[in-house]
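Engineer: My structure is below; once you've seen it, I'll send some questions.
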Amino acid sequence: MTTQTVSGRRYFTKAWLMEQKSLIALLVLIAIVSTLSPNFFTINNLFNILQQTSVNAIMAVGMTLVILTSGIDLSVGSLLALTGAVAASIVGIEVNALVAVAAALALGAAIGAVTGVIVAKGRVQAFIATLVMMLLLRGVTMVYTNGSPVNTGFTENADLFGWFGIGRPLGVPTPVWIMGIVFLAAWYMLHHTRLGRYIYALGGNEAATRLSGINVNKIKIIVYSLCGLLASLAGIIEVARLSSAQPTAGTGYELDAIAAVVLGGTSLAGGKGRIVGTLIGALILGFLNNGLNLLGVSSYYQMIVKAVVILLAVLVDNKKQ
């Protein structure tokens, strides 16, 4: 065996390990927490983790699309709160639950499109544009709800709406089914459609993408609209699970979504990343939160641990770049 062959294999092994670092981290985390807590690796707890992770994971899909285009969206948490409140209020006046879901999804997509227009047409930096939208939407939510929770009520229609949060088709929680469908759809779009190729191209080199004749502004608007749609879907699930919409819901959720994307290996510079990695990143956060809770770790220390994990992920990403 030649020195060149050995060197090539070592390089391949190192590259493979770097590519699978998120999955390896998840498996190591599961092994450690399972050893420390006998109640961790049980069917009920695993379903509980997946159900709690679903909201962040769905939001993280939309965030992945935005970050792949070299953008960011800080407004998703506020958008979740607003669309969730709208859905709850519609269900509360006994309008069909499916109408409430459709209205919330349409509102989320429309607001996301507005954000996209500001970024693409207005040429405002994504950080600034979405920071403004975050504050604006939070204020609108407070005005709409008068700062009070919006309950869905206890009617048959409310029970139908609640299925999106606490239903268990075939014994699996509805949010887990929805999360799986969203990830499969996003994976297919990114790897088997023209839009997916354009998203990667835009994040890789916007100037070259524009010169090749692709409507860059249209792609940005679509991506932010999809991000808004998925944020509203996450809001529907959360409200359906709790039977009420809190005006402060979603606070800090944008950071969790970004963390899941970064932990999954998507580059903050855009153009590089995998939707499967985002799912793994969301699961890492979900398992980490659940494990620390089972071990009785204070919520204050949990924030510190999460911050360290995210920082390490960013440092690894920078080294890879």
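Each residue's number is its place along the chain shown, starting with 1.
Backbone N, Cα and C define each Cβ position, glycine as well.
Bear in mind that the values here come from a model prediction, so they are computed numbers and not experimental data.
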Engineer: Based on Swiss-Prot, do Ser22 and Gly204 face the same side of the membrane?
Structural biologist: yes
Engineer: Among 97-118, 295-316, indicate the range for which Swiss-Prot gives the feature transmembrane segment.
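Structural biologist: From Swiss-Prot, the annotated transmembrane segment range turns out to be 295-316.
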Engineer: Counting Cβ pairs under 8 Å that sit 6 or more residues apart, are there three or more between the transmembrane segment (57-77) and the transmembrane segment (295-316)?
Structural biologist: no
Engineer: Mind checking which residues of the chain, 6+ beyond the ends of the topological domain 'Periplasmic' (146-168), have their Cβ under 8 Å from one of its Cβ atoms?
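Structural biologist: For the topological domain 'Periplasmic' (146-168), the nonlocal Cβ contacts are 85, 87-89, 91-92, 94-98, 100-101, 174-175, 178, 236-247.
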Engineer: Residues of the same chain, at least six outside the transmembrane segment (295-316), with any C-beta under 8 angstroms of its C-beta?
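Structural biologist: Same-chain residues near the transmembrane segment (295-316) but 6 or more away: 18, 21, 33, 36-37, 259, 262-263, 268, 281, 284-285, 288-289.
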Engineer: Take the topological domain 'Periplasmic' (44-56) and find every residue of the same chain, 6 or more past its ends, with a Cβ under 8 Å from one of its Cβ atoms.
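Structural biologist: For the topological domain 'Periplasmic' (44-56), the sequence-distant neighbours (Cβ-Cβ under 8 Å, at least 6 residues beyond its ends) are 80, 172-173, 175-176, 178-179, 234, 237-238, 241, 253, 256-257, 260, 282-283, 285-287, 289-290, 294.
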